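Sequence annotations record features per position, and here TrEMBL assigns domain 'CBS' to 692-748. The transmembrane segment annotation in TrEMBL covers 75-96, 116-137, 231-254, 266-285, 318-339, 449-467, 473-495, 507-531.
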Amino acid sequence: MLSNHLQNGIETARLVWSRLPNSDDEALDEVGLSKKSDGSRSESLDYEVIENNAYREEQAQRGKLMVGYYVGVKWFFALLIGIGTGLAAVFINISVENFAGWKFQLTFSIIQKSYVAGFLVYILFNLLLVFSSVYIVTQFAPAAAGSGIPEIKGYLNGVDTHGILLFRTLIGKIFGSIGSVGGGLALGKEGPLVHTGACIASLLGQGGSTKYHLSSRWLQVFKTDRDRRDLVTCGCAAGVAAAFRAPVGGVLFALEEVTSWWRSQLMWRVFFTSAVVAVVVRTAMGWCKSGKCGHFGSGGFIIWDISDGQEDYSFEELLPMAIIGVIGGLLGALFNQLTLYITYWRRNYLHKKGSRVKMIEVCLVSLITSVISFGLPLLRKCSPCPEVELNSSIECPRPPGMYGNYVNFYCGKDKEYNDLATIFFNTQDDAIRNLFSAKTIHEYSAQSLLTFLVMFYSLAVVTFGTAVPAGQFVPGIMIGSTYGRLVGMFVVNFYKKLNIEEGTYALLGAASFLGGSMRMTVSLCVIMVEITNNLKLLPLIMLVLLISKAVGDAFNEGLYEEQARLRGIPLLESRPKYQMRKMTAKEACGNKKVVYFPRVVKVADVVSILQSNEHNGFPVIDHTRNGESLVIGLMLRSHLLVLLQSKVDFQHSPLPSDPRGGGKPISKGISIDDIHLSSDDLEMYIDLAPFLNPSPYVVPEDMSLSKVYNLFRQLGLRHILVVPRASRVIGLITRKDLLIEDNENSETVELQSTSVRSL
């Protein structure tokens, strides 16, 4: 009877959720979206300013008050993004820590009587959390699977993947992360927090939602993809700042890893957003220290504080530290390659069998992870507690799930501890804190560390790519700190020096693996310093990051670039391919026929062309009195659809009309199939001149493709027109022509350009 009520409740919740719109504007599948092999869709974004008549009229009417309001709203949104992302991070952390705390507390209380019963409770608890995560993702928010960083990187590169920034994706990301991380899988919550921050920023950029009755007209000032791109950049930085409590690292992560365009004005807002996140997180943690947040709140603002670790290092230690960098590059490149192969197999074979297979797969991975994390420590003999000083803060043993080292698990005596359980049967944050800890020489045996390294590395490879929100930062730190501590043990035994700390080498190992896998340098270096509170190790972290990145680059690309390519996201990297130097713009165009419109076009012709192809931009041609064809601009598909839907600018005459403003809101949810026109409408005409982009970027046909690539990427373009070599020059602009003083009247400034007069 109870199961029937529970099943009815689940079905009701699912029905209610399914009736929610898929996006805030209930966007339908748009013509022009490129479908990929996995069924998802992507579309290029319009980051270029369309300087048509409507834009010029709007700029002319905008006074200083409106400009001030526009700038003020941007800063206000940066504040809201920081507050929202900080609160989301606090909620996720509190939930994960409490679920994990309850799990270990319950398990430990049961294993005092029966290890078999504790084992079953541990498995069921993990399975329940993981199943809730995969159910949310597969049934309600498919775009919430994975870390989301490759998709966000694609968005900031100019490619919008369908569904990645929706409201349901945000909800699925938050609650899915709680289930997957709290369920003990070999993944982290840091990558999903970057996606969460981007979703919050995108939703704010839309000015709310009319479907949810949360919209506000005074917030709907960002109508372009260019402005929303800046907000999403702030959201990415806020996500990293909230995940690692590293505000400066968040700014550098957005600059180095995810963005393709950067401006000094954007730097200010991103820095402000990260600072707001730091304030929100610190305030919440201070509130939690009073015991109001359950198991959360025992740690400080620095996640893994090793400020009391190794004070200095000698020249002889640089060699083993360099070896750590090489190991990190090799293992990181291997991790990227293995996850690429497994993810490719999943997407093309396993996941095509439906959502049920995805849920079964994740539950099996959870079962295997629980068996390994609980069972392997049972096979390990316990070690006697070391002798500690009276004033030492080290306590041996400690119960599992509690903060600290020396976990007593399946030990016959009270003063013994299980070194494998200290890192396996624990939360990932506590395990890393144990590996980084100072003054704990010989706490772990080489056999235990090697066992953990092999098993956790394998689990991380298998878990990455499953249908749950998954980050790779914390698993990477776990893997790297394990082999780093192994190297540290050999260094301690070889050099016989008292000032060498194994925890220092664990930190360097963590940095090396992340550098070898993700190929980040500057931002990762700052993040590692911020989360460990040890500035003295900065030169060493820089050394291992440079080595690991160089070694990893010799084998393959970074993790996010490989995953973006696998997902079919057409990222434009920072440098063009070498063969592009030998190609011209004309050769890149191929023999494809250019589809264009005349200035005054028949409505029936517009409908026919839009139905027959999926192009998103069309050149507009006009004829001079001499009969020569002249390119007067570029017309976007979205603008044409709005003109067809409104019908306001239809005319009976096939002659050009007077220039006028065309200020109509552009909606991306319109499809040509949604527009219904009568036979009389189809016989009318549209003058495209007021609505087109009169100044698109144009390159000569013999320009090298590498120069076209750099122009396209650096300006964030969607289209470039290729034209024959120009026959005439009307002027030449130099640097001094662009240096116009603010106190000068722009209408009376005489440009100092070199004019070319016909002889």
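Any Cβ shown, glycine's included, is placed from N, Cα and C.
Unlike curated entries, TrEMBL annotations are predicted automatically.
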TODO: Report, as numbers and ranges, which residues of the same chain sit near the transmembrane segment (266-285): CB under 8 Å and 6 or more residues beyond its ends.
DONE: 74-75, 78-79, 81-83, 85-87, 89-90, 230, 233-235, 237-238, 241-242, 245, 247-248, 250-251, 254-255, 297, 299-301
TODO: For the transmembrane segment (473-495), name the stretch out of 75-96, 116-137, 231-254, 318-339, 449-467 with the most CB-CB pairs under 8 Å.
DONE: 449-467
TODO: With the transmembrane segment (116-137) as the reference, find which of 75-96, 231-254, 318-339, 449-467, 507-531 contributes the most Cβ pairs under 8 Å.
DONE: 449-467
Task: Outside the transmembrane segment (507-531), six or more residues from its ends: residues with CB under 8 Å to it - done: 240, 244-249, 252-253, 255-257, 302-304, 306, 321, 324-325, 327-333, 335-336, 432, 436, 472-473, 476-485, 487, 537-538, 540-542, 544-549, 551-553, 557-561
Task: Long-range Cβ neighbours of the transmembrane segment (231-254) (under 8 Å; 6 or more residues past either end) - done: 77-78, 81-82, 85-86, 88-90, 152, 155-156, 165, 189-190, 193-202, 204-205, 222, 266-267, 269-271, 273-278, 280-282, 301-303, 471, 473, 520, 522-524, 526-527, 530-531
Task: Distal contacts, the transmembrane segment (449-467) - CB-CB under 8 A, six or more residues away - done: 134, 137-138, 142, 145-146, 185-187, 331, 335, 338-339, 342-343, 346-347, 351, 355, 358-359, 361-362, 365, 368-369, 372, 376, 420, 423-424, 475-476, 478-479, 482-483, 485-486, 489
- [ ] Tell me, roughly as an integer, the mean pLDDT over the domain 'CBS' (692-748).
- [x] 83
